[in-house]
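Data first, discussion second: the structure below is written as structure tokens.
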Amino acid sequence: MAPEASPERSCSLHTCPLEDPTGAPVPAPAVSTLQGVDPTSPLTAGHFAFPRAPQDYQEGSSLLGLGDQASLCAHISNLSTSIDPLQHDGVWKPPSVQRHVVSVRQERTFRVPKSYSQLIAEWPMAVLLLCLAFIFLCTLAGLLGSPPLDFSEPLLGFEPRDTEIGRKLEVWKAMQALTGPKNLFSLSPDPEVNSSNLLSTLSPAAWGRAEESVVRTKRMVEPVENKDEENFFCGPPEKSHAKLVFVSTSGGSLWNLQAIHSMCRIEQEQIRSHISFGALCQRSAANECCPSWSLGNYLAVLSNRSSCQDTTQADADRTLALLRFCATYYHRGVLVPACLGSAKNKPPYCAQVPTKCTWSSAIYQLLHFLLDRDFLSPQTADYQVPSLKFGLLFLPVIKTSSLLDIYLDGLVDPIKVSDNYTSISGMDLGLKPRLLKYYLAEDTMYPLLALVVVFFGMSLYLRSLFITFMSLLGVLGSLMVAFFLYHVAFRMAYFPFVNLASLLLLSGVCVNYTLIFFDLWRLSRGQVPSGGLAHRVGRTMHHFGYLLLVSGLTTSAAFYGSYLSRLPTVRCFALFMGTAVLVHMGLTLVWLPATVVLHERYLARGCVSQAQGRGGSDPLRLLLALHRRVRVFRRIFSILSRLLFQRLLPCGVIKFRYIWICWFAALAAGGAYIGGVSPRLQLPILLPLGGQVFRSSHPFERFDAEYRQQFLFEDLPPNEGGNLPVVLVWGILPVDTSDPLDPRSNSSVVSDPDFAPSSPEAQEWLLDLCHGARNQSFFGDQPEGWPTLCLVETLQQWMESPSCGHLGADLCCGQSEFPWAPQLYLHCLKMMALEQSPDGTRDLGLRYDAHGNLVALVLKFQTNLPYSTEYGPVHHFYTEVSRWLSTELGKAPPGLNQGWFTSTLELYSLQHSLSTEPAVVLGLALALAFATLLLGTWNVPLSLFSVAAVAGTVLLTVGLLVLLEWQLNTAECLFLSASVGLSVDLTVNYCISYHLCPHPDRLSRVAFSLRQTSRATAVGTGVLFASGVIMLPSTILLYRKLGIIVMMVKFVGCGFASFFFQSLCCFFGPEKNCGQILWPCAHLPWDAGTEEPDGEKGRTGPPGFSEHYELQPLARRRSPSFDTSTATSKLSHRPSILSEDLQLHDGSCCHAHAPVLPSPRDLLLDHQAVFSQCPALQTSSPYKQAGPNPQTWIRQDSQGQKAEPLQALPEAPAHCPKPKVEELPDGFCSSASTLEGLSVSDDTCASEPSVRVPDSVGTSPEAMNGTGHAILERGQLNGKRDTLWLALKETIYDPTLPNSHHTSLSWKGRGGPGDISPVVLPNSQPDLPDVWLRRPSTYTSGYSS
């Protein structure tokens, strides 16, 4: 019986009908076996056996690749059903000539897969269904086991938590929220005092307004006495009113009659005419909407006009003269609200102000609220015609989210809010949070369009909508599994809005993996076209699985490195994104190959059969014609792609490597200087809740960034918080008990068990602290009503004052001895609090619990340092106060030595975190990436070069962001922390390809890695760049910045990976085992020892047993661009072996398609039959022709005996038609070009790709000699195919030279020190080069070059 084919070679007949030469279908015999074939019989071309009826074959049992079935069916159509009578009694006899043999063996109903590749190849649908079931269960558990998603506050979580400053701020907010009557802390010992106070309703959720709970609400301007003005306006303007900023359209001054009327007209048409304005406006006593506080209305009041439109140019000139006269007193600080009106109890300095400036509050309000600070300032007061650049208009509407309809209907369109004179350029409507949520939903179309662009570009590259859809499904499944782990496994309660950006970022990772896998899949199909699906899966995953593991682990480690940040949103994003990358890596290992196998088995085969069976209808003909046109453009694109990525890019990188290293190193150094030295990334000047959320040209952002500081009323006076306060706290520990990863959680207070403020030592230390603070340079004037730092001094003054006995005779009055007894001290503090704050609203610095016990001291004092949004002054203030307080606490008694201080440090806390964390986070991410790469490759130089390329990408990106005028805000910190993870996968592509290259020299490995992965890397970068461009029109700043960072990181990362990393490898890349951390019994692809492989030990023959090696002619087609394959000046003199344009000849010369040979033995027989029939297709030979061309085979025994000539192969028939060659898709070929073999050594090496022949190849009984050893036959490799190595020396072999000259030539082989001298085999065909054969001790893995 014939040897049974291996599982990966078995093939079913599918639905291909058997036909005889006349075209009639031929019924299959019921039982048949493989028989010997007579050379003269019709079955010479091939023979099939049918162990059972064709209808018993199961669909899907074949592991054929794309194109295999078509070849098989075309070959079956020429078969005959005649049975050879040479077989008798089941005895197998070898035929005289055996060619093209395909055997089909009995299939069992179920086979247990013996390997991963066999599992994927035979059960792809089962694998995909299991993955889908796992995703569905995780999704269901994640949705049911987590709270519903809440994105109502998208900016929540961008403040630092779990820092020294952050913990103190959180505890101080908790104390403020818990202080008040009927609360945990009270300012007075009696909790029943003033129970109806507004503070009793203060809930802990309103901590952001806690400062307002102890400060009385004040009006910005005191009421005025002018009755006419009161009748016109509804009081003075306030900060709570909605505001509009007008500018001149022509760039001139607004102080002209046309501009004043224009402002009134735009307000009337776009705001007051809206249907909802009447329900929102502030109404007068006549139940009418109050007029706006605008320049035209003030001009009408001062000119006694009825409305804005009635004013004249003379009114404008007269008012300007009055303003010019009164502006001097306003800027000197004497024209204040206290001096306005006709009241008699005015401050003394009001006498300096003329009456015409104080009779009406309109003059003061114009200068203070409506006109910009440069108009009539001391510097411009003498100008004859002062220029008014900005004019403010106050609407009689409180800033609220209810103004959204008015904004969307009348103010969002720039054309509606502008005319020939003025335009609205800035707005403060209180709509930022509401409008942000509106635009987050409205602009979601831009990220979705970006995803469409990503997967559309992938589908164009893959030419398969099915694979693209399955890749998208894999991304969504990975995110859902990560969501399950995020909530259920990691117990995370907060899911920030920015986590949704992981969909686009993970899609970028998916594009990289999918394109690399598909390139490797097509390359393996081109190199081994006769291999089954299991073999191709194993060959592809040998490279891709290693790349996927290293890239996935490195990328996830880079994202996990951002967990070091103290911003809760950044930490949550790092945890979710890193987990999603890990899940996607594990899912891709089984999901992607199963998808491609399913596509190859069903969809691709179905397309071929449908294309072959289409009829001649007009629509189909039109589609076919269109398809042909598309194929022409696709072929042109394929040629250009091949030229760029297979030739120009490797040659350009290798030839100009000096320039690339210097250029990219200079770019990285320049980016580091710009980003870190000058002008560097500027820290934010606003908190995230009030910071920029829209693009810079948005009127809301322009008001905050440009116009707010242009008006004097926005400046805070010193007594309203203009200077930095210092708050000293004792009795409460600075321990934040809230969840640092959940910004919605609130902290509770932890009491100090050692708090003891009543001891005599504590009283003396508190008095000394008061005196010492007054001597400090930062101590300022103390406003009235503040809780003073000098509590003991205040108590002494109260005891000596007449008001001490206001509540009745008490022991405290008249006490002059100091320090007091502890009980007396506590009693007197309680009595002073009850006397000075009977309603519990005045803060004396005392905090009592519900039982009347003193549990905390909160002492404040004002400094002379003004509040600033700049980091430097506040940092100096914090450092100086911390140093002073640390010194004083070192002298404190035991009951007061755990005090701490805080201040208005919310912005400083954010700035301090952002000034130090990004560098630390990026450094940790790079360190984790290096560690992961080192664990994956065990090669130190490659890991260092990869990290250097990623670091260069980050530095240049930071420099470019500075040039784009970005600030180092929370969103920028988030994206910068993710930049390492976004760029590391591009470098890992080349790093792993370089590491797995079978060549030991660095130039060959650089060319190999570029040719293998450069196109997929470039296409993935281009697709993500296009997706980033799609997001630029978004109004939401977060979407715009996400698009910019994706564009920039991917583009810069591709450049550093393709040019900088590869150029470093050209110079310092590891060769052979250089820089490799070797383990015992570890073998690398280029290692060659002196020992034989294990497979050879079992096949060693007896003494005198000779081995036969026969070299068949190279059946390769020469490309027109073959002569230009070595295009570099450095390597143009080297001989070309095989061009990447050479195409594999798979079929027989006399048939359109070659049959698929299932078994290794049949494959060897077919190898001999094909090359005995087809003429040798020549390649260029760099060797001299010395005498006649040799026509002999060389026979060399295993002991290195002298070669003896053998019989040459017969010439191919002249009438054989030109073979039809199957074109490999997209420029991939069965062998690599000379560029893959570029080396600084003197030889060029190529290993012919082939199916590895297993050791257990069966032989017939007649093929065995008497000793039990197989009789070697000419034309076979006898199980040694995997040990052959074809090597061409660059030096010209001249047979006329003496042997001594040949032996003196240095052989710089790739096999290491154990290599033997090459065996010279003159080729059996004319005009073909001679070949050296040698046998390395290890099998070369990876893709052949």
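Glycine too: its Cβ is placed from the backbone N, Cα and C atoms.
Just so you know, TrEMBL annotations are computer predictions that nobody has curated.
If you check TrEMBL, you get these features:
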| type | residues | note |
| --- | --- | --- |
| DOMAIN | 460-598 | domain 'SSD' |
| REGION | 1-27 | region 'Disordered' |
| REGION | 1240-1263 | region 'Disordered' |
| REGION | 1298-1345 | region 'Disordered' |
| TRANSMEM | 123-144 | transmembrane segment |
| TRANSMEM | 444-462 | transmembrane segment |
| TRANSMEM | 468-488 | transmembrane segment |
| TRANSMEM | 500-521 | transmembrane segment |
| TRANSMEM | 541-560 | transmembrane segment |
| TRANSMEM | 572-592 | transmembrane segment |
| TRANSMEM | 658-677 | transmembrane segment |
| TRANSMEM | 919-938 | transmembrane segment |
| TRANSMEM | 944-966 | transmembrane segment |
| TRANSMEM | 973-996 | transmembrane segment |
| TRANSMEM | 1016-1039 | transmembrane segment |
Q. Any residues 6+ beyond the ends of the transmembrane segment (658-677) with a Cβ under 8 Å from its own?
A. 951-952, 955-963, 1055-1056, 1059-1060, 1062-1064, 1067
Q. List, by number or range, the same-chain residues at least 6 past the transmembrane segment (123-144) whose CB is under 8 A from its CB atoms?
A. 113, 470, 477, 480-481, 483-488, 587, 590-591, 593-595, 597-598, 601
Q) What is the pLDDT of the domain 'SSD' (460-598) when averaged and given as a whole number? A) 92
**Q.** Cβ-Cβ under 8 Å with the transmembrane segment (944-966): same-chain residues at least 6 beyond its ends
**A.** 664-665, 667-676, 679-681, 922, 926, 929-930, 933, 972, 976, 979-980, 983-984, 987-988, 991, 1041, 1044-1045, 1048-1049, 1052-1053, 1056-1057, 1060-1061, 1064-1065, 1068-1069
Q. Given the transmembrane segment (500-521), which of the listed stretches 444-462, 468-488, 541-560, 973-996 has the most Cβ pairs that are under 8 Å apart from it?
A. 444-462
Q | the domain 'SSD' (460-598), counted residue by residue under DSSP: helix, strand, coil | A | 122 helix, 0 strand, 17 coil
Q. Quick one: do the transmembrane segment (468-488) and the transmembrane segment (973-996) have at least 3 Cβ pairs under 8 Å, skipping pairs fewer than 6 apart in sequence?
A. no
Q) For the transmembrane segment (572-592), which partner among 541-560, 919-938, 973-996 gives the most CB pairs under 8 Å? A) 541-560
(Q) Please report, as numbers and ranges, the same-chain residues at least 6 past the borders of the transmembrane segment (541-560) whose CB is under 8 Å from any CB of it. (A) 116-117, 509, 512-513, 516-517, 520, 574-575, 577-579, 581-582, 584-586, 588-589, 593, 925-926, 928-929, 931-933, 935-937, 978, 980-981, 984-985, 988-989, 991-993, 996, 1341-1343
